[in-house]
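Copied over from TrEMBL, here are the features:
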BINDING   A:100, A:101, A:128, A:129, A:130, A:131, A:200, A:203, A:225, A:255, A:281  pyridoxal 5'-phosphate binding site
MOD_RES   A:226  N6-(pyridoxal phosphate)lysine
């Protein structure tokens, strides 16, 4: 490990940061160091502009005609292609729609239908829970389907992958620890036994470069409100590899996925290509907010993003361990930057109170039970100086015991 | 039929309209008579205010904390209760989420699970098609389920209702003709044979008073972007009668419907009450736009709304038949206002061109193949004078044959 940098060295890192001008595109409140962009990304001027345009101009002035004149109807696929560039998906394979949970349901059903002689769904015991809940839901409507979990039915996911497996649902980056899976290797392993694989990119899209096409992935889903900064509950996405698009079918067969949605035919005929993953009418205002957020990415070099992400998280680990090491913190994330998403988690016996105290002092991360304090580093708007300041505050809270203040012990509804 | 009113009489009707001040809450472009609020409702100042607040204040300034501080997490149920008052649903039975199509999937699955010894789903052959597409999707994931259609398997829906039927999915107002079903009678008939009934309220909510509780309905779904003016693709809703809430289960079992969404438990446990129809994280910006739109309804007398709706549509029929009767128009809607939603449809052999010509002259309705021209009358912002002027334009287009202009023959992507 290199020597602990001082503030001057850290300010030099910011001065040399090729992404530093991106911060001006975002609105960040004064007095806040925002290390929770992995939960909800920050707002941007581009988003406000798109919202304004879509509501006061297109909707208010063009009314129903805006479905044509403003291209509303094609928003799911135009945004899909725009987002596809950030996850290594060539055009025509990504669509923005609905929620991550609903999209998991669609792709799991689609994958099971493509492997009618198999019945096992493999997932991770420490998955973000909604993935498991949706897999349960799929199993409830697919007689004979069985869910097998890493950490429950076997210690590693690789040991669960055999010829009985229809589909593997796996998080690219673990929401809690930040551990990054090897997409190429696990996809290859799935294909060796004839299984399909679904990558959950919630903690990846916008956090680091993803190469779905190159990894030969089958399907992917993810949200757009974390590192992509699309706004609270912004619509999610689905990727389906081009080679599957002709045969794939999913049961949420609504009119937006129909081959001829405005012919008002009685029977369902799946549309061509990725559109067949659409179901109902999408929330255009939230979609357009997302467009504003995605436009920002047109100017981002993903290699520079990854480099900065690793540098920010390495620096955070280094400073915390150097300055706070005596105060009961244990690194939960891996120390190897190449196997880590853009987040760092530490364990602390009183993690909830520590995080409440941090937030009270303007350093916003989050807490995941039972004892994880989690910090997300969005390279577009987090500076090296932010990292330094956050650690100063954390050190002070731990050293002084400020987190023991009784007002930090009460539970909030959502953290 | 009474004598044809002249313009002075029509202006007197506007002057006496108890709802006339509501028009000022909406933005309507100059030179437009908007008779397509049954497809996409108009924008309002209240919507813009909510969007502004949710984006530039709550999101931008409170960031992740807004899930608590701004009540985002409870938006689906708070909006649900607010909307419930317009459809005769006591609190705790309505939730705003996802799309109508997805909500149909949820309630049909839930209803089938409540009648495990039955397998028939009854719907209408001339339903809005997505209802049928979703029923197909449900049948594809529920072995043995059979879809039987009014107009295909029997002339009337009543003839299809017997002891084999698990659930009936029916539109309260037909999207094309505007025909209004008798909710009390059909619900009673369903219950007589032990079946459940799902009412699709897309063309009802905000168009006329609905009394779900009084009718003893089981479930309902609907959209909020038509007469409720929630914005393009605004989130949809689900109603489930309180008596079903303890036992009902649906397969889109995402984390927002979990009993303890922030405990991050591995297994799914359905939340209590109507929340169990939730699935994934909802698009908060579109939800908040809807809140602005629903706030307007707090000041609306639903009886006055219905009275004006019937008066507007009666007047339209009367004036069209008196002034345009010679030009090949046939009334498709019923003449009986009590059995009609807030829309009027006419058939015309060249309906597509006639509608294009109307839109070109600023009278916006829409066209539904093969020959329906459809006009929606939103009592909150359509005046009697609008009706009079729309008929003047229609008469001119038909009398002069202006609709024969070749530029009205080309098909647009969406109408």
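Cβ coordinates are placed from backbone N, Cα and C, and glycine is handled just like the others.
Sequence-distant neighbours of residue A:128 (pyridoxal 5'-phosphate binding site) (same chain, six or more apart, CB under 8 Å from its CB) are A:171, A:175, A:200, A:202, listed in sequence order. Taking the Cβ of residue A:225 (pyridoxal 5'-phosphate binding site) as centre and 10 Å as the limit, one finds 27 other Cβ atoms among all the protein chains shown.
Among the recorded positions A:100, A:200, A:225, A:226, A:281, the ones with a Cβ under 8 Å from a Cβ of chain B are A:100, A:225, A:281.
Taking a C-beta cut-off of under 8 Å and a sequence gap of six or more, residue A:100 (pyridoxal 5'-phosphate binding site) has these contacts in its own chain: A:130, A:200, A:202, A:221, A:222, A:223, A:236. The Cβ of residue A:226 (N6-(pyridoxal phosphate)lysine) lies under 8 Å from the Cβ of A:37, A:38, A:39, A:40, A:41, A:202, A:203, A:205, A:206, A:207, A:376, each of which sits 6+ residues away along the same chain.
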